[in-house]
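Here's what Swiss-Prot has on this protein:
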type: BINDING; residues: H117; note: chlorophyll a ChlzD1 binding site
type: BINDING; residues: Y125; note: pheophytin a binding site
type: BINDING; residues: D169, E188, H331, E332, D341, A343; note: [CaMn4O5] cluster binding site
type: BINDING; residues: H197; note: chlorophyll a PD1 binding site
type: BINDING; residues: H214, H271; note: Fe cation binding site
type: BINDING; residues: H214, S263, F264; note: quinone binding site
type: SITE; residues: Y160; note: site 'Tyrosine radical intermediate'
type: SITE; residues: H189; note: site 'Stabilizes free radical intermediate'
type: TRANSMEM; residues: 28-45; note: transmembrane segment
type: TRANSMEM; residues: 117-132; note: transmembrane segment
type: TRANSMEM; residues: 141-155; note: transmembrane segment
type: TRANSMEM; residues: 196-217; note: transmembrane segment
type: TRANSMEM; residues: 273-287; note: transmembrane segment
Amino acid sequence: MSTAIRSGRQSNWEAFCQWVTDTNNRIYVGWFGVLMIPCLLAATICFTIAFIAAPPVDIDGIREPVAGSLIYGNNIISGAVVPSSNAIGLHFYPIWEAASLDEWLYNGGPYQLVCFHFLIGISAYMGRQWELSYRLGMRPWICVAYSAPLSAAMAVFLVYPFGQGSFSDGMPLGISGTFNFMLVFQAEHNILMHPFHMLGVAGVFGGSLFSAMHGSLVTSSLVRETTETESQNYGYKFGQEEETYNIVAAHGYFGRLIFQYASFNNSRSLHFFLGAWPVVGIWFTSMGVSTMAFNLNGFNFNQSILDGQGRVVNTWADMVNRAGLGMEVMHERNAHNFPLDLATVESTPVALQAPAIG
């Protein structure tokens, strides 16, 4: 009987595999990292160059380019990588699809390059979180929590352009461009009146409130291990077994401040709640944007209250609607003469009754 004895030397491939999956590396790479690193590098490099030096982009497809880069007069606030042209629509537009580099830049090709590599990169980052958790024997909830901001990015950069029929409707990659996207989104979809957006607001603001409450309660109930002249931070040693704060004192304080059952007496359920609240809220916002992408918009309570003579009694819903019409009139002002709401429905009278003539 013969036994095959394997050589003690590792092949280059085996050494590479071991290095990629080694959890003792200062920064864990992982197989998802092999995809993440080049994609995020490509997105970052292209974004930086485009933000600084990209020529104007014909975003509306009407031969009226919009400048977004710094060398064309923008600053950090007003600058952006302008979305690809409405003439391109939803077509995949890599460099080799254009007749020249100038054409690719004019039609906003860098926007697609940045967005696609960025979305692949952050998706791989989520996979890398799961991969590292798996190799360390941890539970997988870190990548589940990260899926909330990932879903938000997918909604505004991918799902919304798909629903609207053009990548020109995607969110510009800049500060003022983000605000413009938000204003136009409200004008066209009434997002403030959508229940899923309301849940997202509750998730973000509630998460901030709960985070501040938890941090302040813990900091206020630390077990003193130092003198009055030393920082309390020196009383904690990394990896210590005993609790660093008195959860009973924190529970008693908060239970008396509000009422008993508003305070958690279980540290594990408390931290699950702190993680789940904002994550679920942002999930709902992403679902809301994804449904509004296909024009399933927020509630419409316009002119819903009438007096005894049939005249409109305005509500805040009417004020929001009026503001939305104003924003819709101003955006893409050269692409169409009137916003769709004004062009396709019965006109809103500017006076309650016609003046008598003669």
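Heads up, the Cβ atoms here are built off N, Cα and C, so glycines get one too.
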Residues H214, S263, F264 [recorded quinone binders]: greatest CA to CA distance in Å: 11
Other residues, Cβ within 8 Å of H214, S263, F264 Cβ centroid (quinone site): M213, L217, A250, H251, F254, L270
Distant-in-sequence neighbours of the transmembrane segment (117-132), which means Cβ under 8 A and at least six residues beyond its ends: 23, 28, 30-33, 35-36, 39-40, 42-43, 46-47, 138, 140, 142-143, 146-147, 150, 153-154, 157-158
Cβ neighbour count (within 10 Å, all chains shown) around H189 (site 'Stabilizes free radical intermediate'): 23
Folded-back contacts onto the transmembrane segment (273-287), same chain, C-beta under 8 angstroms, at least six residues removed: 141, 144-145, 147-149, 151-152, 154-155, 196-197, 199-204, 206-207, 210-211, 214, 264
Rounded Cα-Cα span from Y160 (site 'Tyrosine radical intermediate') to H189 (site 'Stabilizes free radical intermediate'), Å: 12
For E332 ([CaMn4O5] cluster binding site), the one of H117, Y160, F264 that lies nearest, given that the recorded positions are compared by Cα: Y160
Binding-site residues listed as H117, H197, H214, least Cβ neighbours within 10 Å: H214
For H271 (Fe cation binding site), the number of other Cβ atoms found within 10 Å of its own Cβ: 12
Alpha-carbon spacing, Y160 (site 'Tyrosine radical intermediate') to H197 (chlorophyll a PD1 binding site), which is rounded to whole Å: 15
Secondary-structure category, per DSSP, in which E332 ([CaMn4O5] cluster binding site) falls: coil
Neighbourhood of E188 ([CaMn4O5] cluster binding site) by C-beta distance under 8 A, where only residues 6 or more apart in the same chain count: N297, G324, E328
Residue with minimal Cβ packing [other Cβ atoms within 10 Å] among the binding-site residues D169, E332: E332
Other CB atoms, at most 10 A from the CB of H331 ([CaMn4O5] cluster binding site): 15
